[in-house]
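Here is the structure we will look at.
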């Protein structure tokens, strides 16, 4: 009897590892191993020419960051970008979701339509916007029509980042809208009914019930927005043809890492930058998870 | 409905309408350019309906750009393989974590949770060096293999199978099917909603992927559409009619998948949070 139970357990273990083995193999080789390798690279100087060789340099790569002018430019761009994009897309997402949550006709049509930018590749979106932004393009045409100043959206350093911002608010807000929409449907209808009996109007209900109830989701959306800002790459790469120009106006953290790694072939320093970026992003994620869990328990 | 809400109704439709226009205009403008001739684009006519409707742009990019078809096929091969492997491997791993007790399963589950939090940027450079060492640069497997299983969707499948009724599996085990038989013949066919949600996200992620092919493919014949489009832009500066036609071609497959699987979309988004 006990032998049979043991056999059974063995068979279960074999089945378990069998089911897990492809995932273990892939995640092990292309996620866990690279993480360790990344830490190794970040404390070495890597020579890629000829035979790959490494020279241990301790914290030199990290110390180098302090004097790296372009890193500070990238960080400043990221901060400026986050300050405008994150609040804008969050508010837009909340407004759209609240409206779509009302009893309206064609609700599904609007939901499906609004989501369209999110399923389109960033390469395509950037090209479409470059076509709209070019000096003789649609945007300048419309601005001129209503008597506003026109810009060289792609070549003028003072507006190039704004061009990416507008595009990203437009393409990311619908994603967060869907998250808000799901959260709105979880708010118990009875709360609104109770408020109605107390004579609360549409606005009061929105500010007193909807907004407070959505606090954890808003927190989540804001954090995701900030992380997305740190991870910005495709858009600035395509816009600037990989340079981060004009005059570093569209330089982002990941683009900087890419340039150091694949243009300057300075893999050690690039890895150190990637490591710092990952630490920052993970800290933000951990803080968010921590608060989110707290909120849920309350 | 209260009176205030009724008064707001028309305003609500106006806002929804305006935002729908804001969403659609860039796409329509691109679509319109893809059917316009070069002279019409240069002349600066700002009408959305082309004056001289033409298919020439599409004909040109497919006929005179032999690599364009190749890029399309590369993208299709990569996106379809990545999707197929993920559906299989993530479901298998998720099922094991949800149902099978084996030594180390708890550790693996927490490792998967931890991996979800690792930002992809950390592994870009080491992955490149590993793939280079394997001699995989400029090959399909360079992109397909590292993307063939993803922690986020393993977790998603695990959550799905945890809530899956056990009775069905027990019945099939009584019928003499082993773990593998039960999984492939009974469990997987019933997991269609979860598989559909995965299909959308993974296919789109792979189809739209930009950074990986950018660093792993230097041979033009191995480019995917997203990288190809970017080169195309450099090559045909200001030939917006061709660039927009190529963009439309790239958008169509993802759009079809989205429309086809749309009803599984929301549950997927709310589950994974962000792409």
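Heads up, the Cβ atoms here are built off N, Cα and C, so glycines get one too.
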Choose the correct range: of A:81-100, A:241-260, which one does TrEMBL annotate as transmembrane segment? Give that range.
-> A:81-100
Ranges A:46-67, A:112-133: which does TrEMBL label transmembrane segment?
-> A:112-133
Criterion met for the transmembrane segment (A:81-100) and the transmembrane segment (A:217-233) (at least three Cβ pairs under 8 Å) | yes
Most Cβ pairs under 8 Å to the transmembrane segment (A:159-183), of A:21-40, A:217-233, A:269-292, goes to A:217-233
